[in-house]
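Read through the structure below, which is laid out as structure tokens, and then see the notes.
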Amino acid sequence: MTALAPNAQPQAALLELRNIQKWFGGVHALRGIDLTLQPGEAYHLLGENGCGKSTVIKIVSGAHPPTSGEIVLNGRSYAALTPIQSLAAGIETVYQDLSLLPNLTVAENVALSEQLVRAQGRLARLFDRKRLRETAERALAAVGLPTDRAFLGTIVSDLPLASRQLVAIARAIATRARLVIMDEPTTSLTRREVDNLIKVVERLRAENVAVLFVTHKLDECYRIGGHAIVFRDGQCVAQAPIADYSKRQLAELMTGRAIDAERYRTGVPLSGTLLQVEGLTADGVENVSFSLGRGEILGITGLADSGRNELAMALTGVLPAKRGRLTLDGKIVSVRSPAEAIGHGIGYVPEDRLAEGLFLDKSILDNEIALIVRRLAGASGIVDRQEGRRLAERLSQEMRLNTSDLDLPVGALSGGNQQRVLIGRWLSIGPKLLVLHGPTVGVDVGSKDTIYRVIQALAEAGMGLVIVSDDLPELLQNADRILVMNGGRIVEEVEAERATEDQLYQAMLTTRTEIAP
Amino acid sequence: MTPSSETLAAAPSVSARAGFGALVRRRPETITALLLVAICGTVAVVNPAFLQPATLIDIGRASVVMGLFALGVFIILAAGGIDVSFTAVAALTMYSMTVLAQSILPDLPIAVILLLSTLGGAGLGVINGLLVHHLKVPSLIVTIGTQYLYRGFLLSFIGTVWIMSLPPQMGAFGRMPLLQFSAANGATITLPFYFLVLPVAALATWWILNRTLMGRAIFAVGGNADIASRLGYSLRTIHIFLFGYAGALAGLAGIIHVCANRQANPFDLVGTEINVIAAVVLGGARITGGTGTVLGTMLGVLLIVVINSVLVLVGIPSTWQRLVVGSFILLAAAFFVTRQRKK
């Protein structure tokens, strides 16, 4: 790697953080972080939500100033960076939202920043369209995207997610980035798209660009290799090659306690069928039939376009099915809307909890009782807050929320706690069937553990659960059976206890070519 | 492309979808142009008098003030904001300038009057921009506030008297011809010189938006202000420029309004904001920002002016103008939105 470095002295550190402290009001978010990043190396910044990962990134990218400490960038020392200083030094951050401007073209998203940085942020400059096109073409070719005029002129909101990710990386290349920070880049990507991304990362490293990942997905970290940096409570607790740690060690470093990586599912389903699905057909779902027992946990997986998402939404009335029959508890039920689903005792925890599930600026209490306000109101029409509070207290304990302040807005909670509030809300109606869609997306290791334990407790109590997820270890650890979807159909059914990840991938990928040549 | 790029080309072929739908999606002002042609065609058939030079020149003359306002509204809309104070900016600058030229500095040349009005408008606009940026309040609220403020200042401190006789140099500018010829019935028809201001301002606006980094930054902010600031665009500079530029256009529009009407009425202009915003939206700019073109804005202005001035020619009572404009806005908006969803 060093052989590729241009003339400079080998292994001069790219970026150094010295004793960085950050206070947000009374919260000590960073307690003296020391970090050194070398060119061309890959780093994985690991830690639970709220450990200070995002704060460090914001300090490095110039979005927040540190309270104290020193940032040494290319040999120059700064007390704080501005976004333009950070960009000009070659630090490009690809946030989870990718920081793309949805209304501009691909070429502009890739190459406009380069001109802005060249002008040092001054806007009273001519906009060089020829240069824009050339820069964009070079950068897009480097990440393997098309470079024709039609693609350059495409408005970014018209692109699929995976291409947008590559466009964001192309922008990093166009601005001659020396450090690319990627914030949970693979959360919403399919396995094949992740493979693509990993190839691009290798190419970046070959050009002596350092890459810093922030992620919860340890498997991908091992595939990429490089260094692990583990944060806990605003401190850096470990920094060494990732190969030196086992998954279990990393999880323990992150949480500061021992984490059980064994199967969570220890119980067995009760006798009797809870749900019978026959010939269910919806947009993207073709003629799907399966059954679910009382107290059974059923996993459903597949690629993003396999129909798994649509199946979850059809079961819960979010996107009603066109044909097919649902029998719940021996009765044929019609689920044409979420309200009908709730009426039958079918709950749905959506994948995008922020957009579809939670009222972020409302309190935990208000969120927990959202489904039962009418019942709490009774005949008088006035909500019984006392009763609601008692109920919410019980739910929060059951869900092991890490705060007892029910008046805290949900937006202030970590991802894992938000998810628990959402599941808790469903428990308020005592559902017979709960469909969980990506229950631990963007949730840290410790919270995952709690959520899994809750899921198991619900099944023990006789509730039927369907987990729709692309996190295969999650399904293998929690489910009784796993259905694999492909091209809108169920192509494989396995016993989770005896299945392997590879077996599931095979079903997700290979049969696909047979179905749709 | 590198050899391995085929394997990496995860992007689906975003083929240039041909056809009308794609055209409208990319250039919504096509709808505006079609509506305009349809109306002009219909009116011309029902009443051929429409095609007389006198009518066309009337339309051109009536477009200038609204067109200047619309360019300002458009550039702010493109950045995701909205401005409803521009009429008050225009009223304050035009009336103050007229008072200045009439009673304090009667020898002020017209070029200086125009320049001072533009600068005055820019100054008031910059106040808007600073308030929007530092108060972090939506621009709609800020400009509702400054609209009252500017107008209140005008009526309380500058004057409430309707000035019927302008300083001579202003009257002369309003009458100065660009084109002059005799119509069939012997009347003299004049296209005034001030008409030129509109195409020049439109070209300048187009140039700023499409050929400078500031222009691209304005659209970037309209796409998503948080992301734009994260990418290093200075929101403060952009806000100040935006509102300053729109204010300058409003100041210029105000003084031209006075010269063209040969009187200065301090109660004038305020109240016509919605008409202008309607024109910009009809021109294909989305109210949520980040889109639109100068050409579309000009077409939108033309559409509204044509509706306002020619319906009478085909025997539709003038009270119907609002009904027609309203239906067009809903129609065009519905069309843009369905096209958007059908991607």
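Using the three backbone atoms N, Cα and C, a Cβ is placed for every residue, glycine included.
Record features (TrEMBL):
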{"type": "TRANSMEM", "residues": "B:31-51", "note": "transmembrane segment"}
{"type": "TRANSMEM", "residues": "B:63-96", "note": "transmembrane segment"}
{"type": "TRANSMEM", "residues": "B:108-127", "note": "transmembrane segment"}
{"type": "TRANSMEM", "residues": "B:148-166", "note": "transmembrane segment"}
{"type": "TRANSMEM", "residues": "B:186-209", "note": "transmembrane segment"}
{"type": "TRANSMEM", "residues": "B:238-257", "note": "transmembrane segment"}
{"type": "TRANSMEM", "residues": "B:269-287", "note": "transmembrane segment"}
{"type": "TRANSMEM", "residues": "B:294-314", "note": "transmembrane segment"}
{"type": "TRANSMEM", "residues": "B:320-338", "note": "transmembrane segment"}
Are the transmembrane segment (B:108-127) and the transmembrane segment (B:320-338) close enough that 3 or more Cβ pairs fall under 8 Å, when only pairs 6 or more apart in sequence count?
no
Distant-in-sequence neighbours of the transmembrane segment (B:186-209), which means Cβ under 8 A and at least six residues beyond its ends:
53-54, 57, 60-61, 63-64, 67-68, 71, 74-75, 78, 173-180, 215, 218-219, 245, 249, 252, 256, 259-260, 294-295, 297-298
Under 8 angstroms for C-beta pairs, at least 3 of them, ignoring pairs fewer than 6 apart in sequence. Is the transmembrane segment (B:269-287) in contact with the transmembrane segment (B:108-127) by that rule?
no
So are the transmembrane segment (B:294-314) and the transmembrane segment (B:31-51) touching or not, going by 3+ C-beta pairs under 8 A with a sequence gap of 6 or more?
yes
Beyond the flanks of the transmembrane segment (B:108-127) by at least 6 residues, Cβ under 8 Å:
85, 89-90, 92-94, 96-97, 100-101, 146, 150, 167, 169-170, 172-173, 240, 243-252, 254-255
